[in-house]
Amino acid sequence: MKAHKTVFNQHPLSLNKLFFVLLLIFFLPPASPAASVNGLYKDSQQLLSFKAALPPTPTLLQNWLSSTGPCSFTGVSCKNSRVSSIDLSNTFLSVDFSLVTSYLLPLSNLESLVLKNANLSGSLTSAAKSQCGVTLDSIDLAENTISGPISDISSFGVCSNLKSLNLSKNFLDPPGKEMLKAATFSLQVLDLSYNNISGFNLFPWVSSMGFVELEFFSLKGNKLAGSIPELDFKNLSYLDLSANNFSTVFPSFKDCSNLQHLDLSSNKFYGDIGSSLSSCGKLSFLNLTNNQFVGLVPKLPSESLQYLYLRGNDFQGVYPNQLADLCKTVVELDLSYNNFSGMVPESLGECSSLELVDISYNNFSGKLPVDTLSKLSNIKTMVLSFNKFVGGLPDSFSNLLKLETLDMSSNNLTGVIPSGICKDPMNNLKVLYLQNNLFKGPIPDSLSNCSQLVSLDLSFNYLTGSIPSSLGSLSKLKDLILWLNQLSGEIPQELMYLQALENLILDFNDLTGPIPASLSNCTKLNWISLSNNQLSGEIPASLGRLSNLAILKLGNNSISGNIPAELGNCQSLIWLDLNTNFLNGSIPPPLFKQSGNIAVALLTGKRYVYIKNDGSKECHGAGNLLEFGGIRQEQLDRISTRHPCNFTRVYRGITQPTFNHNGSMIFLDLSYNKLEGSIPKELGAMYYLSILNLGHNDLSGMIPQQLGGLKNVAILDLSYNRFNGTIPNSLTSLTLLGEIDLSNNNLSGMIPESAPFDTFPDYRFANNSLCGYPLPIPCSSGPKSDANQHQKSHRRQASLAGSVAMGLLFSLFCIFGLIIVAIETKKRRRKKEAALEAYMDGHSHSATANSAWKFTSAREALSINLAAFEKPLRKLTFADLLEATNGFHNDSLVGSGGFGDVYKAQLKDGSVVAIKKLIHVSGQGDREFTAEMETIGKIKHRNLVPLLGYCKVGEERLLVYEYMKYGSLEDVLHDRKKIGIKLNWPARRKIAIGAARGLAFLHHNCIPHIIHRDMKSSNVLLDENLEARVSDFGMARLMSAMDTHLSVSTLAGTPGYVPPEYYQSFRCSTKGDVYSYGVVLLELLTGKQPTDSADFGDNNLVGWVKLHAKGKITDVFDRELLKEDASIEIELLQHLKVACACLDDRHWKRPTMIQVMAMFKEIQAGSGMDSTSTIGADDVNFSGVEGGIEMGINGSIKEGNELSKHL
């Protein structure tokens, strides 16, 4: 007690405080509970007010009642008798965010607010007008529809202690200009992933907001581009920039000592990483997947790195020795899809913590490093596929008890599959892929010891013997894939016990005996593929119980009997191939009652290839669908030893159908059987059917009109049957039909004259009693056959012959007359327009045209000043183009633009073309489209991309162009790693001149002139000689004619290329094209894009060059050009002056493209330019052209000697 008195005497103020506390405790005990109750009551009222403001939904927040305390409300947690946490994730609130800021943010003791996926909308700005509890430090608003600029984040300044903010998966835009003030709070966690943030250098904004204390920062899944400045976030431990459009070198860090997680995957980062990460000592996760990094793998922090993903780059050399330093810590290592070579070092075996190693799709070679790999005691996933390893597969892998996935596919492994691969009963092997190797011998019975096995693929080997019945004990097996081996014997009945089985693929073996009816017990089966064997017996009707069955392939066997009507109960069936068997009886109508369902697992995690047959006599059936995972496409030649077909086309991948109509079948091949009777009319309900082959049977009767309902059919083969009657007119509605074969039947009457029948060859109708085009047999006008009618027929034929003869004679006179007129007209035109003659280049540079292609009869929209149109524009069917692009698959996509997507395709004649699939248009512009196509198709010049053909069906419009090897100038110049070539100055100069020449041709040689309207670097394509070809000329005019939904601004250019006068009036002119060309020329000189916020901020390339014109102008040139050859600086300046003349704000002061060519010739005369970009005298002879800018020998522009005046 004395001690306490001493303390009190020393601190009298403390004594007073203690006395006050004692008063509160002993004399006012009810006060504190009352305060808590009052506070809780206030919280309850605010929460109930929030509920009352929500849309009236009975099930929403049902237990938020005034009769219960808020601590028992759904999603509410309390601490110290106050609401401290609210989590309404996945609650369909359907309100504006302002309600949240009005009722929830002000809760005074709230620490955490989670409204993830709560259907919130509106902007963040309402937060600035509300109050915020001082304890609130975490807000999660992910997966809503909140919009507005991300600069609205500053509205949370009222929440002074806010540390974590999650705004991922919303619709936020780049920061607005009006709210770039610094925030009054310091975030540690900021998640902006999956928003609409694009085209903005975000890091300076983050710094300006004062978020320098960030520890977690995610921008994943946006559209950010440009360069990245040096990052200065000393506390940053997690940085995710994946799935953006960054195209720059590896980012540098001022201080990365705390960085633990770095994800740059799925961008376009390029170059050598160097030593950028050497000081990141705590880095444990590094993902550089799917970029364009090159060179050697750099030295990485070895003390802490656990997860390293380098997949999909261009790293080269042998296995990186520096990775040996990581062995103590690395858990997952992915080096796949690179260019590593050599042998795998023994040091990999020292990585005792390694759980995943993927070195697939490289060029590793040598003997399979068995001893090294067998040391990886913790390994779970081992993927070594698509390399060049040799040797055998050892038993020692059975010691890897944690191994779940072993993928050795597509190597050169030999020997037998070891019997002891799963000898330890504790094994955990789930996936075994050994396909596309050179294994021989039997499938070991001991594989049944792999009790956890889910997927087994041994296809594309040389395995012999029978399928072990012991495999029936693998109760978890989903995939049994053994195709293209030499397996014999019967399909084991024991497979009926594989209750999880989804895919049974045994094609191209020597299997015999019947199809086990007991397979119907495997109710999850999606795919049964038994084709190209020696199976016999009947198709089990019990297969109709497989409601998930999507693909049934039994072709090229010796199966007999009827087609079971029960197969119609397979309501998910999309592919039925029974060709080349001994099936008899009729086609059962119940076969066509599919519901339109499809098994999801069919299209999950699988790779498919469809091989279209060539149609030769030895080749039966329409084609073959194969599971192609883990197999090199070039290995398809091995199929030819078992299959007598030459493949006309190979399709990879498959698009999941979306069924809105009745039926789901897309492929039906019953050809080469002994079927009889008529075609069931129910077949016409198969709306999605793409391939129908009933050829080489004994079917009879008339072709039903209902087949006109097959709106998606592309191949129709009814040949070699006994069909009679006429060809139904309903078949003319099959607009996607690309191939038809009605030959060798008893059909009669006229072949329909309309499309698509006017595009098929005559042999497709041969050996019938048909008449009309394309057969050489004309049709008579009526059925009468009496003598009088016969005589009239002779007279009509004689008259017709006379008319034809007179017509031919008259045509010859007309042709001679037209030639004389053309010659005289041409002479006068040469005298009047001598300056323009050189641009004629009057020869077509399209070598892929075919003389058999048909003329169209559309009226021309323009009078084109050309000597001749040597070959008619090609008209192609939609089916042709659908086939050539594999159904417009993403693998064929090479570019996208304002008018549509562009696909690379190979047509049936072998020509490689580019197909532009235009945006959908209304039918109102059909006539205009045809007219414009005929016009554009006649424009031929060596610096223009020629239009080869077109197709129109429904709302689809497709244009076929000559394919340009190197793509667009934009890609080559600004995305060099994608194309793989570097443009030096001579190449750029050649491109500049070629593009100018092509544009000049459009402006001065087409009457009336063609205004491009969208001249830009992405519309300058480069052929195999890097010759510039201007593309998309006439597109804006075409789209305008077709009444599309594009805005006027879209039709008048692309931002960065649009001349200033277009913003006052959308009246386009050739001088507008000249301005746009000037921007392209600046791109060639500077190497920069016309709009890049990282380089120019709110400015653009033209404005940026203007600023430099007041200082050291040479700073604008691409440094790489001057590094290569400093002597070209004068020439660059001369070309810059040309660009400046084109970019004059006063459109009447700009030169014409003819004058631009004259300037280039003037520069050429004084610089000794190489022959690749030589300008001929005719290119610049413009007598009669209105006056304009003159250019002196030294390149000075006499309209204004100071460069800045032209800017």
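A Cβ is built for glycine as well, from the same backbone N, Cα and C atoms used for every other residue.
Note on N662, N890: Swiss-Prot annotates N-linked glycosylation site at N662; no matching annotation appears for the rest, which is not proof of its absence.
In Swiss-Prot, the feature N-linked glycosylation site is attached to one residue out of N646, N1181, namely N646.
Checking the ranges 71-78, 447-454, 679-686 against Swiss-Prot, the motif 'Cys pair 1' annotation falls on 71-78. Swiss-Prot lists motif 'Cys pair 2' at one of the ranges 96-104, 204-212, 600-608, 771-779, namely 771-779.
In Swiss-Prot, the feature N-linked glycosylation site is attached to one residue out of N245, N1194, namely N245.
The most crowded of the glycosylation sites listed here (N119, N363, N412, N521, N556) is N556, judged by how many other CB atoms sit within 10 Å of its own CB. Away from its own ends, the repeat 'LRR 9' (305-325) comes close to residues 265, 283-299, 331-345, 347-348, 350, 353, 358-359, 364, 977 of its chain (Cβ-Cβ under 8 Å, at least six residues beyond either end). Within its own chain, the repeat 'LRR 15' (452-474) has Cβ neighbours under 8 Å at 404, 409, 417, 422, 427-445, 480-498, 500, 505-506, 511, 627, 629-631, 635, 638, counting only residues six or more beyond its boundaries. Counted with DSSP, the repeat 'LRR 15' (452-474) comes out as 5 helix, 7 strand, 11 coil. Note on proximity: among N119, N339, N363, N556, the glycosylation sites of the record, the Cα nearest N235 (N-linked glycosylation site) is that of N119.
Across the structure, N412 (N-linked glycosylation site) and N521 (N-linked glycosylation site) place their CA atoms 37 angstrom apart. Long-range Cβ neighbours of N767 (N-linked glycosylation site) (same chain, at least 6 residues apart, Cβ-Cβ under 8 Å): S743, N744, N745. Put simply, N521 (N-linked glycosylation site) is 43 Å from N724 (N-linked glycosylation site) when counted between their Cα atoms. Here the C-alpha separation of N363 (N-linked glycosylation site) and N339 (N-linked glycosylation site) works out to 6 Å. Of all the glycosylation sites listed (N235, N287, N339, N724), N287 sits in the most crowded Cβ setting, with the most other Cβ atoms within 10 Å. Averaged across the repeat 'LRR 15' (452-474), the predicted model reaches a pLDDT of 96. Helix, strand and coil counts from DSSP across the repeat 'LRR 18' (524-547) read 5 helix, 6 strand, 13 coil.
Sequence-distant contacts of N584 (N-linked glycosylation site), defined as residues of its own chain at least six apart whose C-beta falls under 8 angstroms from its C-beta, comprise S560, G561, N562, N673, K674, L675, E676.
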